[in-house]
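Colleague: Taken from Swiss-Prot, the feature domain 'AB hydrolase-1' covers 52-337. If you look up Swiss-Prot, you'll see 148 marked as active site, nucleophile. According to Swiss-Prot, the feature substrate binding site maps to 217, 334. Annotated active site per Swiss-Prot: 304, 333, in sequence order, evidence recorded as sequence analysis.
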């Protein structure tokens, strides 16, 4: 049977815009891209002073279409209000939704980069985002916000360009990737490598390592949720005579990802996450955290097994101008993509108490949102 060729452009909005940069990009670990492209979406208008911009940073397999995957946070009077702000979300370096990555054509060879795409880091992602914002005329970020991988980017923005960022929100993330997360990422990569079509990453577009990438996604989905959420949703219910509903759910999630994502991009992006460490080449980790004095909201999820609450508490303890936010839910890491109304209320509560530019938060007491079924209190 003939395999269909992956068309990643079918999985991001027709409203996506592109910025092309013809100058070489030297990456943190020494690799170079001769040129690069950034896919992005924007909402609202940039003001004359260029300082009403908000940057949204997406997670691992996300796209620039934040108005789709974070839709409840958009609208007048909400976190992302395009009547007041200029909101930007760009696809990260190394992804496959329009920004240069392993699935892109190498202009020097005329072929896909594939596994030869150079190693990159969260800092490289942020540098590419800065290039985009410069091209758009942004002079200062009113806020940078992201969850998971997006939160890593938000923190790096504070460390790399502190004078460019007014406030930041980090959700379900950490200042450095733990051995636990690195191990789980490697298990997923090994699942991809075990696919007979992997071929060291030199697979053809017609025959990608679908089984391996699907298995990787199934592993990941188990870490994005919790035992309690699986028990509540599936328990031991059957889909068919010998198939549990939870098995069917995981198979479906795996199949969905292989239709929309590139395996090499998945490998490279998870490796970039594993390299995440705010203190790399900057000195003592805690001193680095102490140096980040931008007004910050650090949001934890009580049931997150990937980035547990103590990691966010540590950030708040050492960052001198940070406030702690908590989402209570049984959904685990994915809560920030599920309980979005609650997240919107948390961020808005933080925004309402922000001090004048350059000042410290007057109130660092935690902001808490409790979610049980349809009940919500802030």
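Including glycine, each Cβ sits where the backbone N, Cα and C put it.
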Colleague: How big is the Cα-to-Cα gap, in Å, between residue 333 (active site) and residue 304 (active site)?
Modeller: 4
Colleague: Nearest to residue 304 (active site) in three-dimensional space, by Cα, is which of the recorded positions 148, 217, 334?
Modeller: 334
Colleague: Under 8 Å Cβ-Cβ from residue 217 (substrate binding site), six or more apart in the same chain: what's there?
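Modeller: Set apart from residue 217 (substrate binding site) by at least 6 residues yet with Cβ under 8 Å, we have 188, 253, 254, 256, 257, 258.
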Colleague: About how far apart, in whole Å, are the alpha carbons (Cα) of residue 148 (active site, nucleophile) and residue 334 (substrate binding site)?
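Modeller: Counting only the Cα atoms, the answer is 9 Å.
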Colleague: Under a three-state reduction of DSSP output, how is residue 304 (active site) classified: helix, strand, or coil?
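Modeller: DSSP assigns residue 304 (active site) to coil.
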Colleague: Just to be sure I understand the packing, how many Cβ atoms besides its own are within 10 Å of the Cβ of residue 334 (substrate binding site)?
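Modeller: I get 23 for this one.
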Colleague: Provide the three-state secondary structure of the residue listed as 'active site, nucleophile' computed with DSSP.
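Modeller: Where the residue listed as 'active site, nucleophile' sits, the three-state DSSP reduction gives coil.
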Colleague: Could you tell me the mean pLDDT over the domain 'AB hydrolase-1' (52-337), as a whole number?
Modeller: 98
